[in-house]
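J.: The structure's right below; bear with me while I get my questions together.
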Amino acid sequence: MAEESAMDRFCGSEFWNSSLSWWTEDPDLTPCFEQTALVWTPCAFFWLFMLFDFWYLKASLDKNIPWSKISIAKLLFTIGLLVITILDLIMAFVKKGGDSELPRYSLDVWGPIIKIATFLLVLLFIPLNRKFGVQTSGCQFMFWFLFVILSIPRCRTEARAHQQRNEILDSNQEEIPDYSWEEYQFVSFFIFYAFACVMLFLNCFSDAMPRQTKYKRGPNEIPELSASFLSRITYRWFDSMALKGYRNPLEEDDLWDLRPQDSCKEVMPTFAYYWNKNVRKNYKQAAQTSEPKAQFANGKVSFENPQGNGRKKGMASIMPPIYKSFGGIFLFGSFFKLIADVLTFAQPQVLSLIIGYVEAFETTPQPEWKGILYSVLLFVLASIQTFILAQYFHRMFIVGLRIRTALINCIYRKALRISNAARKESTVGEIVNLMAVDAQRFMDLTTYLNMLWSAPLQIGLALYFLWQELGPSVLAGLAVMIIMIPLNGFIASRIKTYQIQQMTYKDKRVKLMNEVLSGIKVLKLYAWEPSFEKQVLDIRDKEIATLRSTAYLNASTSFLWSCAPFLVSLVTFATYVLIDENNVLDAKKTFVSLSLFNILRFPLTMLPMLITNLVQTQVSVKRINKFLNSEELDPNNVQHDKSRPHPIIIENGHFSWGDEDETTLKNISMEVPKNNLVAIVGTVGSGKSSVVQAILGEMEKISGSVNTVGRLAYVPQQAWIQNATVRDNILFGKAYDRKRYNRVIDACALRTDIEILSAGDLTEIGEKGINLSGGQKQRISLARAVYNDADLYLLDDPLSAVDAHVGKHIFEEVIGPKGMLKNKTRVLVTHGITFLPQVDNIYVMKAGQVSENGTYAQLLKNKGAFADFLIQHLQDGEEEEEDLNQIKRQLSENAEPELLAPIEKAIKLARTESLSDSISVTSADSLMGRGSLRRRARRQESYDSAASAASLKRKQEVEGKLIETEKSQTGGVEFAVYKHYIKSVGIFLSVATLVLNFAFQAFQIGSNIWLTQWSNDKEVETNTAKRDMYLGVYGAFGFAQVISYLFSSLALALGCIYCAKKLHEQLIDHVFRWPMETFDTTPIGRIVNRFSKDVDVLDNTLPMLWRMVLSTTFSVLATIVVISISTPIFLAVIVPIGFIYYFAQRFYVATSRQLMRLESVSRSPIYSHFGETVTGVSTIRAYTVEDRFIEESDNKVDKNQVCKYPSLIANRWLAIRLEMVGNLIILFASLFAVLGGQSNPGLVGLSVSYALQVTQTLNWLVRMSSDIETNIVSVERIKEYGETKQEAAWELEEDKKKPKNWPADGRVEFSNFQVRYREGLDLVLRGVSFNISGGEKVGIVGRTGAGKSSLTLALFRIIESAGGKIIIDGEDIAQLGLHMLRSRLTIIPQDPVLFSGSLRANLDPFDVKTDEEIWKALELSHLKAFAKGLTSGLNHEISEGGDNLSVGQRQLVCLARALLRKTKVLVLDEATAAVDLETDDLIQKTIRSEFKDCTVLTIAHRLNTIMDSDKVIVLDKGQITEFASPTELLDNPKSAFYSMAKDANLV
């Protein structure tokens, strides 16, 4: 025997014997090896990784786990193990050494001692884990797992030795040796081993729940917290969620609570601590203070102000705090990644061993156990990699989530304190984007970030191993790969330009659709749909053209990437065999190289992506840093010194809006005594509001002082309303006190408004108060202030948006000397001069200075700025009749005689104005029983809002809900949708795609099988011609692959684009033909969403997904085929594996899809709440409720994490399960290859290298197919819109027989006509009958809701009849095509709708009229001068909605449209507030002269316009009450018409 090693002496026997362990049919290990190496490995592992356990103890948030059966059992069995080991030590001293003939070796002493030390440590952790609330320990589980596994060889050895001893004992020898020591060891070892197995079993479970937890653990807590280590690494704890999601779609209540350590409460303090440290480092501070680690003092985290202290040294960046706060977990994750990378390269090495094993099968067969060992080894490596990668991604996601949480909250907190100057630098949208886009970027980057070192490492290792196989010829292959990168980069940049182009087309198309849908009623009335449909489709064609170019480019990139691996192997192998005659490809070289090339592909694709990602993130960091370093409001702008005499004092203050040079307010001095009401007046822009902002501390104070004492309430000029219920807006975080609340509501005149709303004060208000009128918002804002019960009230013109009588009510009830706030200190900025006599003091502002102050009487005597202000105010003529009288009264009491003259004159002027208004007052107004003459536009607005609100309420009562809620699709997608999609792609292209994909895989398999043929052929070594033949055919196969792939990706891309085009055409075709009622019940946003989002999915998302799904599906099939060719028995395994796979996939898709939906639903509130905060920040600061808003934001972020976390886990859950399926495929492929007596090393190499790739592919396949399911919903929604109810046909065959000039006379006859707006609603017209002869002028009057508009809508068949008929010139209109009917009638609608485009297109969209005709029409409609004055004349671009024309001009354009059409029947839906009297007269004149021989139906809102008509129809509640000439009706004082005329002062 060779000379003894140290280990041999230590054991007293041989440590390692290769002939015993390796070169043998029956391998075994030496007892010494079993008792040292195999025992000490787990012990060493435990001692090493115990540090992690200590770290977990320190980091644990819980304490005190109660004793449970498991922990008691653990304790007992560990003590048992200790006892056995100590006994071993004692026995070693008793039985060996000393007198006995058995020598005692070091092992006998040190072996037990090492074990005792380890078990003592294990024992120590049992109470420690209990005390610190750690429920499971991975380190201990792994220790026991290794211990049990590595002791298996010793079991076999001991059992065999026992058997041999028994044989000797039974064979009656004379001298029976003394086996007492061996027997003792045998018994003690097996008891010991049994105990170890029990410990392993016990460590599979976790301990009971801790008694003390830092955060309350609810019944809904996430199972991960108390899951055992085994359950955590396999994600078994997620099973319940997957099962629930599979059974029925997940709802928000099914989700678990957030893990405390991911919540804002845990993440923020750490981040804030490091951020503040960083700020202090960057901004040198005068006083160095030491700060404790950030704690959550009553739930607040304070961020230091970078501008706050001392000189600036540089920008404080978010990066260092991020590293310091989250670097630990990140590094831990990186450690996992490193192990995984190394394991990746172990696989090809094992593959080469397997191929070697098979190669030697014929010549010198190796023992079978080696083949099995290699297969199992391959499986174990793959499995370890699976588990480790899952943990790695999990860690990365957590870091990403936490960084996002930290950044979102950091940005939010900053936004609440940023100064106004800094806020002006960026729009609200940009600030919200910081949160939505830039913080999200970090999250996406964390997973990739490790690629920075991992990719070069992988490339380096791959090249090293390849060099070992093939030598320098590797460089040729590498060169190909490297050339691909810039080529791809070039194509990518081209794609980007096309994408930008496509985006602009898409925006144009969506904008046009938006306009069309907004004005759809007008399009239908004019029968203009075809023209606009054509416009949309023209844009769409351009869009499709760019998509087509993109598709060609995309096909070329995917083509490049797909042929890259092939080209690389072709070039490398060709170089290798051609460099040197002696270079021969054998199976081992070929397949090991192939699998290494496959590994290389990933990092090479990732690097360019990573670099672009990094650049984007760098931009994001810069933007976030700029924002977080911007200036904050100086808290010292306002002092709160309680010793000052008055609650609000400003002493010669100079203020600016943050621009150093520009002072907005100069030497302002003001004092507001306690409980006084002080008014600030002045002309527009004199700085009234700025004074209020200065008191709030929103303005930069340059000099002087501001002092306020007491809590503030503030009503801004522009009311800021939150997206919450009315009640929440008023309470604003205060407790609900019913009595007080009701008083406030009545005082602020909100009672009637609340009654109109569908759910009273619990009605939700849309964003920015979208469903309230201006006056309502203002009053709610005021109510919020009043309810808040503060000490100081700053009211910035709260009465401007409300009607005068409401304003009066509010002043009396709330603000004035008798109001609810009479015992508060109030500052009122106002325009209304009526209230000034009742205030305690008036400050008059002029050009940023206080020009004078005093009471009303004093100021009038001064004849200063105040008097000028009064006169100017009166000349603006904003006042109403009764107010004018009141003002006159007040003035005559107070003013000097010489002042009275100009003021009287101004009053006279205002009065004549208001009288000219009063003549044109709506009859409806008098019907509503409102006597007071109020300025028209104002009155109209308030009356409209009241009426529309009332009618809305009626509607809501009738149908419960006007707008149908959108169905969020749950569950799977029916097959019909896929069928619909494939049909739209076209049968030919669909089949072609499949066939070509199939061909591609076939050629790929062919080329690989050819390689195996080549590598197995031994003649190649000598015969170069044969070698070249092999090379040539291999190249040809490759070429065929490349071509088939190129065409398959083209066929697919073009098919998808064709399909998108077709579906869009169907969609637009159907939507344009919807009846009007469908548009009424569907919000425009939702329809536009179909045209933008869903069409975009068709255009861009689906083609990419289909490509991925097809290629992955085919490659999985190819793998199965290849493995089955080489080992047919594999087919038996494929069925059960397929089942497992299918179930994992179904569970995952169902759960994940719903989680994604929930996540996106819970994400938008974060951003909308943030946007809201940024706009209302001055209000939030005034009420000092920042903390409540921060908490709200935190809760929203947490809520989003609650949905996000499970969806990330779902991915890991699936990955583990699928990769294990893949690993099983690897195991069986290699096992069958080894055991099946397969003698073709090439085939074995092929099948195993295919199997090695399958895990990733399987994973992708599920991901992609679930993405397809998520996105195919878009097709479903488009299909759904294509199946909605359509209106009647546009054109009918019979129409062509009708005379061209129908209707020639214009006789209109209604006979017993009934109509309702839609199914299930009451009739609006109930049996109306009347006759109008051709050329008659008829006025239609009636109060709101009498059915006037319904009459005209029915004439155009916008609403179809429910009984009776309408006959025009002897034709029943129900028998005509809609366009035939609508194009032969003309209407001038109530609200003029214009579309963006040229003036010409707005008048004549079909381009059928000549220029002369158009100019003639413009001249008659008094627009000729205006149009001539435009530089581009008829081609003048009109902006969206006609915003660049005045309302009057728009009305005239509509008149010009009517003049161009010039049909026999004209309907005038009269414009109310749109036109001034002058224009009105022009329109009337034109209509009288131009349409004198036409039938004109006028729906009148002002009686004077129809006084000269031939007949008048008076409608009431859908029936005709009077039908006669106006004179006839006026002669009868009892007629309804007479009373209307009387109200309008016409009789």
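Cβ atoms here come from the backbone N, Cα and C positions, even for glycine.
Keep in mind that TrEMBL annotations are predicted by a computer and have not been checked by a curator.
Marked as domain 'ABC transmembrane type-1' by TrEMBL: 331-616, 991-1270. The domain 'ABC transporter' annotation in TrEMBL covers 648-872, 1308-1542. Annotation comment: TrEMBL describes 37-55, 75-94, 133-152, 321-340, 448-467, 558-579, 591-615, 987-1011, 1031-1060, 1104-1123, 1129-1149, 1214-1236 (among others) as transmembrane segment.
Have a look at these and tell me how they're positioned relative to everything else.
T.: The average pLDDT for the domain 'ABC transporter' (648-872) in the predicted structure is 86.
Within the chain carrying the transmembrane segment (37-55), a Cβ under 8 angstroms from the stretch's Cβ atoms is held by residues 29, 111, 114-115, 118, 121-122, 125, 134, 137-140, 142-144, 146-147, 150-151, 153-154, all 6 or more beyond its ends.
Only residues 6 or more beyond the boundaries of the transmembrane segment (75-94), in the same chain, are considered here, and those with a CB under 8 A from a CB of the stretch are 104, 108-109, 111-113, 115-116, 119-120, 122-123, 126, 181, 184, 188, 191-192, 195-196, 198-199, 202.
Beyond the transmembrane segment (321-340), the same-chain residues lying 6 or more positions past its ends with a Cβ under 8 Å from any Cβ of the stretch are 267, 270-271, 274-275, 277-278, 384-385, 388-389, 391-392, 395-396, 398-399, 402-403, 406, 442, 446, 449-450, 453-454, 457.
Same-chain residues lying 6+ beyond the ends of the transmembrane segment (448-467) with a Cβ under 8 Å from its Cβ atoms: 330, 333-334, 337-338, 341, 344-345, 348-349, 392, 396, 474, 477-478, 592-593, 596-597, 599-600, 602-604, 606-607, 609-610, 613-614.
Taking Cβ pairs closer than 8 Å, the transmembrane segment (558-579) reaches residues 470-474, 476-481, 484, 487-488, 491, 585, 590, 593-594, 597-598, 601, 605, 1000, 1004, 1007, 1027, 1031, 1034-1035, 1038, 1041-1042, 1045-1046, 1049, 1107, 1111 in its own chain, all 6 or more past its ends.
With a cut-off of 8 Å between Cβ atoms, the residues of this chain six or more beyond the transmembrane segment (987-1011) that come close are 562, 566, 585, 590, 594, 1030, 1033-1034, 1037-1038, 1040-1041, 1044-1045, 1047-1048, 1051-1052, 1054-1055, 1058, 1110-1111, 1114-1115, 1117-1118, 1121-1122, 1125, 1242-1243, 1246, 1250.
Distant neighbours of the transmembrane segment (1129-1149): 242-243, 245-246, 1120, 1123, 1210, 1213-1214, 1217-1218, 1221, 1224-1225, 1228-1229, 1232, 1236, 1258, 1262, 1265-1266, 1269; these residues of the same chain sit at least 6 beyond its ends, with a Cβ under 8 Å from one of its Cβ atoms.
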J.: State the residues, same chain only, that lie 6 or more residues beyond the ends of the transmembrane segment (591-615) and have a CB under 8 A from a CB inside it; answer 'none' if no residue qualifies.
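T.: Distal contacts: 344-345, 347-349, 351-352, 355, 441, 444-445, 448, 451-452, 454-456, 458-459, 462-463, 465-466, 469-470, 477, 481, 484-485, 488-489, 561, 564-565, 568-569, 572-573, 1011, 1015, 1242, 1245-1246, 1248-1249, 1252-1253.
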J.: Where else in the chain does the transmembrane segment (133-152) make close Cβ contacts, counting only residues six or more beyond its ends and a cut-off under 8 Å?
T.: 38-39, 41-43, 45-46, 49-50, 52-53, 56-57, 60-65, 118, 122, 125, 193, 196-197, 199-200, 203-210, 212-213, 225-230, 232-233
